[in-house]
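Straight from TrEMBL, the features:
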- 143-170: coiled coil (COILED)
- 193-569: domain 'DNA topoisomerase I eukaryotic-type' (DOMAIN)
- 476-543: coiled coil (COILED)
- Y555: active site, O-(3'-phospho-DNA)-tyrosine intermediate (ACT_SITE)
Amino acid sequence: NFKQSLGVSQMCFIIHSKCILLRYTQPGQQVHKICFGRWEEGRSQDGKKWKTLEHKGPLFPPEYEPLPQDVSFYYNGKPLRLSIVAEEVATFYAKMLDHEYTSKEIFQKNFFTDWREEMTAEERDLICEFSKCDFGEMHRYFVEQSEKKKDMSKEEKEVLKEETKKLTEEYGYCLLDGHKEKIGNFRVEPPGLFRGRGEHPKMGKLKKRILPEDIIINCSNDSKTPEPPKGHKWKEVRHDDTVTWLASWVENVQGSIKYIMLNPSSKLKGEKDWQKYEIARKLKLKVETIRKEYERDWKSKEMKKRQKGVAVYFIDKLALRAGNEKEEGETADTVGCCSLRVEHITLHKELDGQECVVEFDFLGKDSIRYYNKVPVDKRVFKNLKLFMENKNPEDDLFDRINTTYLNKTLNNSMTGLTAKVFRTYNASTTLQEQLSKLTSRMWHAEKLLSYNRANRAVAILCNHQRTAPKTFEKSMQNLQQKIELKQKQLDEAKAELKKAKSDYRESKTEKLKRLVEQKEKMVKRLQEQLKKLQLQMTDREENKVIALGTSKLNYLDPRISVAWCKKFDVPIEKIYNKTQRDKFAWAIDMTNEDFEF
């Protein structure tokens, strides 16, 4: 009836665990989509995220098991039996002994300071110098335990797998508005040593064990409240239906709040993602107006407006984070756009053949260094000189504005607009442009290389870096050996083909003709295999210090990637793994190859 009333030529239902999507085509090949079911179900306009929420609470890590009697910590060359609490903290360091972190002075200093606080008075009197501590025997014990775990029989591994599965079934799901939803991180992080990113000043500090008394539980009022472990009680039980977290606590190193949230594939997460990228797409229609607005601000008589105009320009053109104020010494000296200091930029009237160049050098999020030389508009350059006048290196560059003011003015320009939305818009736009530029009807492996290069352009824009993996050199050597072996096989195959062709010219039998065809196919197959290995090597080398995952999961509209896959016949599995496909199920279900951000 529906088809007849609308004159629909093609119509199909796509049934997914999170929604039912109806796609139909009207005359003129215009495609329409109606999404109903759980993505749209019960959407609240009053800020409420759910009606009922029930879960089992978080899963706590096991209690500490003391070391065997024959495994000791040594101090000044002598074995020393530590108290249980001190021993547990010592094992955190021993397990990391072969990691580069433990070679860093700040890591050693922070660890030793926090470790001494966990010792008994007698232990503190005795263990006074870190240089006299020997964790070698403890480290060897943990290496042996790790090797034993690797050497477990198939049956033993299956038992562990079943135990993990049972725990996931019990703690890994909740009931949200009557639907069974997967929980993302239902395990409380075990105690250990803080690592941080980059040269974090708090690396090596003790992350203390989280107890039920530290945890706030969130569930619906009429549901069964999760039972805390025996002998314990929760810090608080809340019934806040305006948030989506199930449990929260404050970690001790940086004082940040940790949450147990729904899995990215859940209805609420999917809806939130969808809305996030739709806001970024709306910016596409407004961005030119906003750019004209901040360009007008560069000439304002009010210094506050000038600073805002230049800051928004940096956020737009360089995808800088807005930056948040921090208490003195609270975390690493990381900054964003609004918290840039005079010492973080250098102005060059001319550099490398370009005019009005700004040289940035500062620590961004996660202590990742941001270093960039960028030619800017002459008015921006002139304003920066003005902002830096009569200031010391440690003074704020933008001393009249902060992130709250900046985001408020952005929201006035477009509802929902923040610095992060700008970042999402520019990242997604860059991916769309790069894919259009780099991809053609090429060989499959070349398409994937093009995709990674487009993704890499976004990661560079957003300053998503990583340290090269410890196994990088080894894996590259292995790949080089495979290439050399494949090249040898190809050379041999070419020689065999040459001989087969020579034999066929002398005696044109059907048998020799088939042999030539076989050898030609072999050469072609080996050439493709060699090319694939060479492309892999190029891809790995280019990705050595670039983190592609952050932008792919947080800043790039997944519909761009899905549409690209469909347009160029690339399996979606080559771009997104199983977890990522679950997270972006909404995009996979409703995107066709014609989608553009």
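Cβ atoms here come from the backbone N, Cα and C positions, even for glycine.
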Residues near Y555 (active site, O-(3'-phospho-DNA)-tyrosine intermediate) in space but at least six apart in sequence (CB under 8 A): R423, T424, A427, S428, V458, C462
Overall pLDDT of the coiled coil (143-170), taken as the mean: 92
Long-range environment of the coiled coil (143-170) - Cβ separation under 8 angstroms, sequence gap at least 6: 56, 59, 186
